[in-house]
Amino acid sequence: MSFFKWVSFVLILHLLNPSLISCSSNGLSQIPSKFLTLAKSNDFFDWMVRIRRRIHENPELGYEEVETSKLVRAELEKMGVSFKYPVAVTGVVGYVGTGQAPFVALRADMDALPIQEMVEWEHKSKVPGKMHACGHDAHTTMLLGAAKLLKEHEEELQGTVILVFQPAEEGGGGAKKIVEAGVLENVSAIFGLHVTNQLALGQVSSREGPMLAGSGFFKAKISGKGGHAALPQHSIDPILAASNVIVSLQHLVSREADPLDSQVVTVAKFEGGGAFNVIPDSVTIGGTFRAFSTKSFMQLKKRIEQVITRQASVNMCNATVDFIEEEKPFFPPTVNDKDLHQFFKNVSGDMLGIENYVEMQPLMGSEDFSFYQQAIPGHFSFVGMQNKAHSPMANPHSPYFEVNEELLPYGASLHASMATRYLLELKASTLNKSYKKDEL
C-alpha cells in the first residue's frame, strides 16, 4: 500500500474510531514533506528547470500565450492528464483525480510583460520587448510539477483537482474570463502562489483577510490649442493643464482620503508634443489607482474624472477620461478566506516548519486572483526564492528580474500538498458528519 493510500485508509478508520486521531494526523502531516522530497529529486527538478527555461525564452503577452499553452498541453498529454482548451482565449484547464466531487482548484498565470530583458544569460528572452519579469514562467512550471506529482498519486486523491493555467493576469483580467467560462462551478476552494524575492528560499508568506488592493487604470486626453512656443498667448497650453491635473490628483489621497484607509493614485504616463518649440494641440496622461475597499475605490474613480475634467477647464482646455475597463477590467481586492488561511499555515508548516511562515502586511499591489475569490473561497500566498548567499534579487517588473530555480520544487510540492490534503480533509469532514448523524 503506498504512503498516500495508507493516509487515506487511516483517515477513514479514524472517522470510525476517533482513538486513531494521532495516527491519521501524523499521516496527513507527512504528505507535504513527502511531496517535497519527490519534487527535489534530480530527474524531477531537472525536468522542471527545462520547462521553465523554455517558457522564459519565449514570453507571450496576455491572450497571446499560444506557444506557452501548447507546451502546457503537450506536458499534460505526456502525463496522461485530461484537459480542456481553449478556455478564456488561450487558457488550459486540466483535471486529475476521480473526475467526481469534491473539486479543488490550483491556479498559475502564464503571461509575460512588455519589457526588454536586461539579464544576460544563456536562456534570455528571444522576443524583443517581451520578458517574463514577474515569475509567471515559474508559476506555470510549478503547476505542471504539481500536476505530475498528483497524477503519480491519482488513485489516492479523494476527489478531483482542477489545474487552471490562466492567461492575461497582467491587467487583462484573465481570471474574470475563467470564472465566466464556468470553470469554478461546483469547486469548493482555489489556491494560488506567487514567487517573491522578499523572502528567503524555503519561506512562505500570506495573511488572513485583505491582502492586496483593488486596482483600476485610467487615461485622459487633454486638448487645447497648439502654437509656437515663443507666442504662448496665442495658444491654449495642454501641457500646463495636464501638469496642474497631475498635481491636483495627488491631493485626492493626501487631502481627501482617511490616512488609515490606504489608497494610491499614480500618473505613470505622459505623452505630448514632438518639438522643443511647439505647444501641442493635446496631451495624453494615464495611470493607476488602488484601494482596499470598494467604497474608497469607487470614490477615487469618481474624483479622478472630476479633477481631470474640471482642472482642465480651469486652464481653458477640454478633457475626456477613459477607465479602459474593457481592456483592463477593475481588479477587486484580494481577500484570503479565514479557514483556508489556517489550512495553508498548517500545510506549509508541515512542509517547511512553522518558523518559515512569515505574516505579511497588506500590499497596494493587485492580483486578478481576486476574481476567483469573489466566486468561491480562495487563498493566495507568496513563496520565497532569495538565496542568502547571493546579492539581493531585482523586484518584479524589472528588466533585471530573475528566478532562483531552486524554488520550483517548493512551489510544485506546496500546490500538490494543498490539493491532496484539502480533498482528504474535506472527505473526512463529510464522513464524520454522516457518522455523527447515524449515531443520532
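Including glycine, each Cβ sits where the backbone N, Cα and C put it.
So that you can see what the record holds, here are the features copied from TrEMBL:
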- Cys134, His136, Glu170, His194: Mn(2+) 2 binding site (BINDING)
- His397: Mn(2+) 1 binding site (BINDING)
- 214-311: domain 'Peptidase M20 dimerisation' (DOMAIN)
- 1-23: signal peptide (SIGNAL)
Checklist line | Rounded inter-Cα distance in Å - His194 (Mn(2+) 2 binding site), His397 (Mn(2+) 1 binding site) | finding: 13
Item checked: Structural state census, the domain 'Peptidase M20 dimerisation' (214-311) (DSSP three-state) -> 40 helix, 36 strand, 22 coil
Next item on the list: Consider the binding-site residues Cys134, His136, Glu170 and say which one has the Cα lying nearest the Cα of the residue listed as 'Mn(2+) 1 binding site'.
Entry: Cys134
Margin query: Are there any residues at least 6 positions away along the chain from Cys134 (Mn(2+) 2 binding site) with a Cβ closer than 8 Å to its Cβ? List them or say none.
Written below: Ala112, Leu113, Glu170, Pro396, His397, Phe401
Margin query: My understanding is the cutoff is Cβ-Cβ under 8 Å with a sequence separation of 6 or more in the same chain; which residues meet that for His136 (Mn(2+) 2 binding site)?
Written below: Ala108, Asp109, Met110, Asp111, Ala112, Glu169
Next item on the list: Would you please pick out, from the binding-site residues His194, His397, the one with the fewest other Cβ atoms within 10 Å of its Cβ?
Entry: His397
Check: How does the model score the domain 'Peptidase M20 dimerisation' (214-311) in terms of mean pLDDT?
Finding: 97
Checklist line | Residues flanking the Mn(2+) 2 site, with Cβ no more than 8 Å from the Cβ centroid of Cys134, His136, Glu170, His194 and excluding those residues themselves | finding: Asp109, Asp111, Leu113, His132, Gly135, His139, Glu169, Pro396
Check: Just counting, how many other CB atoms are there within 10 A of the CB of Glu170 (Mn(2+) 2 binding site)?
Finding: 20
